[in-house]
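Database features (TrEMBL):
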type	residues	note
TRANSMEM	A:44-72	transmembrane segment
TRANSMEM	A:84-102	transmembrane segment
TRANSMEM	A:108-131	transmembrane segment
TRANSMEM	A:143-163	transmembrane segment
TRANSMEM	A:186-205	transmembrane segment
TRANSMEM	A:244-261	transmembrane segment
TRANSMEM	A:273-296	transmembrane segment
TRANSMEM	A:302-319	transmembrane segment
Amino acid sequence: MTKLLTLLTILLALAALASLHLGLRHYAPGTVLDALRGGTSPDAIIVATLRVPRTLVGLCSGAALGLAGFLMQAATRNPLAEPGLLGINGGAALAVVLGVTLGNAPGLAGIGALALVGGLAATALVFGIVAAAGRAAGPATTLLAGVTVAAMLASLTQVLLLVDETALETMLFWLSGGFAGRDLELLALGLPALVVGCLGALVLAPSLDALRLDDDSAGALGVRVTGVRLAALTLAAILASGAVAMAGPVVFLGLVAPHLARRLAPASGSAGLIAATALTGATLAVLADIAARLIVAPGESPIGAVLALVGVPVLVGLLRQRREAVL
Amino acid sequence: MTNLPPFLRLGLLVALLGALTVLATGMGSSHMPPGRVAAALLGYGARMDEVIVWTLRLPRVALAILAGMALALSGALLQRVTRNPIAAPSILGITDGAAVGAVGFLWAFSDDANLLVVSIHWQPLAAITGAFAFAGLVTILAFLDPGGRGPLRVILYGVALAALAKAAVTLLMIVGPVYRAGQALTWLTGSIAAAHWSDVFVVAAGLAISAVLLLVARSTIRQLVLDTDSAAATGVPVGRAQVALLALAVGLTALAVSQVGAIGFVGLVAPHVARLFHGAFAGGYLAATALIGGVIVLAADTVARMIAAPLELPAGALTALLGAPLFLWLLLKGRRTHG
């Protein structure tokens, strides 16, 4: 496990360096190093002010979204759970847009708070609806209910934006989701969420291990099933909201990262998976961001489109894997 | 309502659609009372009124109605063929597949100056190709699924591929002709703002052909309500009938999407409203579905024009707000009864 985590860390570092190097203009490794050391050549300044923030924001959002997906999947024993598909990101985005439309320009903290409220509300809504459907609601029903709520929230967001044209101009870029052009100060929103989420997840890890069994066995092991579940979902909402506040709604990372981590460390317990998922999510986000710069150059693709190209095959693969009728 | 004779119920729907048409046509930057609209429609209004009604307002109203009819019929056919009450073109990825075709057409057939090198009239064909490609992919994935073909499984594959199609549309819009990217909302959410009579005729022709086919096959369609074996026992070639109706459903959706963009949820909502209002087994169920689809899209488009005038919302955003709760209800209700 230690070996794997070291390997993933090295991979992440390489991806981050590549993200500083590659783009519409490739900067020589020397320039990148110069920028990291605080150089003042024009190229170094460009790297430091454009490439460094987007790499850091991508890294931080990727880790947060991956972890959010892992927590949702572990808490609900649902391999298809993911903050983007289930509408959690959409809820956070809607709350931010609502705040911008109603009030005048909430500050950085305001955006963070709005995203958090929206993310928590959407989590409560989706899982409340599913809980209301009774025990029979399997992963598929949860996914479909979440996708539908997500569609509804997106429509509401769109209506709000069209009614308020000034909001449209300021929000459209953020809403399309991505790591480019984000301020470094946004990390002040994402990092605390990521730290809280990581620590909380590690605290919950032993209980999440027990939750892999059925509810009764977990209960017999002394795990307070409902409490753990609620705590994990709350943490997931905090993580997802932090990521949305930074990078806008980004789909599929929360689905792909935990599954990749599980593939890489099939025998690992929850604590190891949490670390592996955070690293995988961060690496995937940075790589997707690089791809977004390159595949439609000189234009720039929204990160969501790139991630869908990877995420949909993973989703289809997961659907095919579930032989037993979990519907 | 269901104790009225079928033709009366259909008559009521036609009357509702007519009233809504007059109302919607009167609405706009210069308001026109219903009397003047009716006069202009029937051809003895003032000259100015007739110009406004026939060249400016009516194409949009007609396109909304016809697109709604096509989407609703498509949904009803899909629900019957897949025997699945939550099937609908937008849920099975067909709507977004058609959008891929339509946007891909603009990308593939534009020259360096962003001008189309072939006639725009070929666009519906591209939309149909895209819709068939995605519908085929969903069908193949569901067919090859090792876990059997549960009704939810098809829909999950549809949802997954719809996400893929949306990503493809986004990418095509970026690499495609720049000035058309402004129509992003149209292709992704559906809007009827830019309607011409030629668009109306395309959808009308498709609907007319479909209506004839459905009339010819009406007894077969009715027997598909039965389970596969019983339907086969009544002499229906079940497999072939299913494929043919599926193809018809895909074609209808593609045609509508190629003209108005990806308006979702109409194909889900209209058949269910028709079931409540008219009854799924009464004669003229498909006709009732089509009329209700027309009413829904026209109403959505009219509200979309009014609600934030002079701004216009995409009609598709409103149909999603209406349809999503219904889908949730159907999904969870089904869960509860079948456990």
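Including glycine, each Cβ sits where the backbone N, Cα and C put it.
By the Cβ criterion (distance under 8 Å, sequence gap of 6 or more), the transmembrane segment (A:84-102) is counted as touching the transmembrane segment (A:143-163), at least 3 such pairs being found.
With a cut-off of 8 Å on Cβ pairs spaced 6 or more residues apart, the transmembrane segment (A:186-205) and the transmembrane segment (A:273-296) reach 3 or more such pairs and are scored as touching. With pairs at least 6 apart in sequence, the transmembrane segment (A:273-296) and the transmembrane segment (A:108-131) have fewer than 3 Cβ pairs within the 8 Å limit; the two do not touch.
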